[in-house]
């Protein structure tokens, strides 16, 4: 028995850590960081995180290779899917105004090990994303000068031919990351001011593109002679939506900044909604302009907007667009360098990362160690890796974080709140004396009485109705009163929230199974038609039944902060869409994910 207990000890400890939740007692607004960001600051951060290189590069790539002019519809679908995830982030950011974003949200609702898994992957995702944007920024600037920077580096410095690495060290990309890290270490207000400047210039250029672009628009570019509006059909639109979804992933910088917001309960949801709306509108309108200026078949995937104005004979407009694209990429760089150190800081403060990164500079009120160390690591990645190699490893960490945050919303919504003993103090005798009726008064309604004998006024009748409604409403995480007679024998013995937690797990498993069948069932696995259809029906029924079982339980009702509407439908749909996109990632991305998790262990 002793041997067995020693052998089982690691498994027991792992189980305890899986179930160990972070408790956020005390004042939620207390922090060692500086609360100075307004709603406008958070909104511009969200816009800067989303409207970057994707607007100037991604629109042309998707339009030419995937969807044609119907890239507009692809962005609409992607915007709706991103809104589902953004709702979940907004609820957590308002309810728990602490830095750490998806890592923190998972920790307070699902458990420590899952939180580390999310945080560990989001760290790498932000490092790769920042290095990729820096590499794209360098390449775009180099193309303006006819690749003079690349030619000089290869001729006078060095070049190499190593698999998975760039042909030459990109000193410009590494340098911009180091400089940006130094600026961000000066404090959150400096970062915010820089983001304001670049975001305003970028939005001014976007306004110019829309006004001047619609003046040059030619509806014949959407005609059947040019291939029509949707040359690749619905499959092309959906494939384009999967790609366009990654244009909106920057909104989580708002949640990462919630611990430095003045009024996070109001600012985080408002900033998330406004920034996502502005970004979606910009992507949709710019895609419309781009495909109307020149035929979509002739677009240059590397610099579609600037090239379109050049080809229409307005070279000066192309230079304006190039300036706007560089400013937009700078905002994305700042957002990556801003959010990444704060996730590292949150993990270090919880003891899940090196404690040196939990130190906050007493003057600037930012985690300087985390900013500089990870800024330099990001610069090293941009120095040696090619842009294409970096992009191949993107997305899985972000999608995994979105999935866990959506699942955490459901779990936390149906989980009873833990009340402290000091909050449930015994009423004093004086308080009882104040509410006790005088002996001469007519008998009033009491909670212990089965039926009231007399009513003093109509307001007493209203109080009776309210008390009866309160009696009918069950506790959070329990079956709703309407369903209790039918399902009490089956589910009545479970602890509050236990059935919901099990259904969330079933929801994720059925989503993975359903998406795997859809993606691999016909081609790779070569299922017969009857088997393919049967599996689709089974997993769809399990998915719908899981949502239904969650819905018949009592949720928390909190009107003080923002809450995701239509729970569990909204986060359930977000989980399904995120899992579907993960199934479309390359094998190299999954290998990177496996290796990175092994390093984390």
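Including glycine, each Cβ sits where the backbone N, Cα and C put it.
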Annotated region 'Disordered' segment (source TrEMBL; candidates 353-385, 386-418, 419-451, 452-484): 419-451
For the domain 'Cationic amino acid transporter C-terminal' (562-600), the number of residues DSSP places in helix, strand and coil: 29 helix, 0 strand, 10 coil
Surrounding residues of the transmembrane segment (267-294) on its own chain - C-beta under 8 Å, 6+ positions past either end: 37-39, 42-47, 49-51, 54-55, 59-60, 63, 68-69, 71-72, 75-76, 79, 82-83, 86, 89-91, 93-94, 97, 203, 206, 209-210, 213-214, 216-219, 221-222, 244, 247-248, 251, 254-255, 258, 261, 304-305, 308-309, 311-312, 562
Beyond the flanks of the transmembrane segment (499-521) by at least 6 residues, Cβ under 8 Å: 403, 407, 410-411, 414-415, 477, 491, 527, 532, 535-536, 539-540, 542-543, 546-547, 549-550, 553, 568, 572, 575-576, 579-580, 582-584
Among 37-58, 102-123, 171-190, 573-599, stretch most in contact with the transmembrane segment (197-217) (C-beta, under 8 angstroms): 37-58
The transmembrane segment (102-123) vs the transmembrane segment (391-412): 3 or more CB pairs under 8 Å: yes
Recorded stretches the transmembrane segment (37-58) and the transmembrane segment (391-412) touching, at least 3 CB pairs under 8 Å: no
Candidates 70-90, 314-338, 391-412, 527-552; stretch with most C-beta pairs under 8 Å toward the transmembrane segment (171-190): 314-338
Folded-back contacts onto the transmembrane segment (314-338), same chain, C-beta under 8 angstroms, at least six residues removed: 45, 47-49, 51-53, 55-56, 126, 129-130, 133-134, 136-137, 140-141, 144, 176-177, 180-181, 184, 191, 194-195, 198-199, 201-202, 204-206, 208-209, 212, 216, 250, 253, 256-257, 303, 305-307, 371, 375, 378
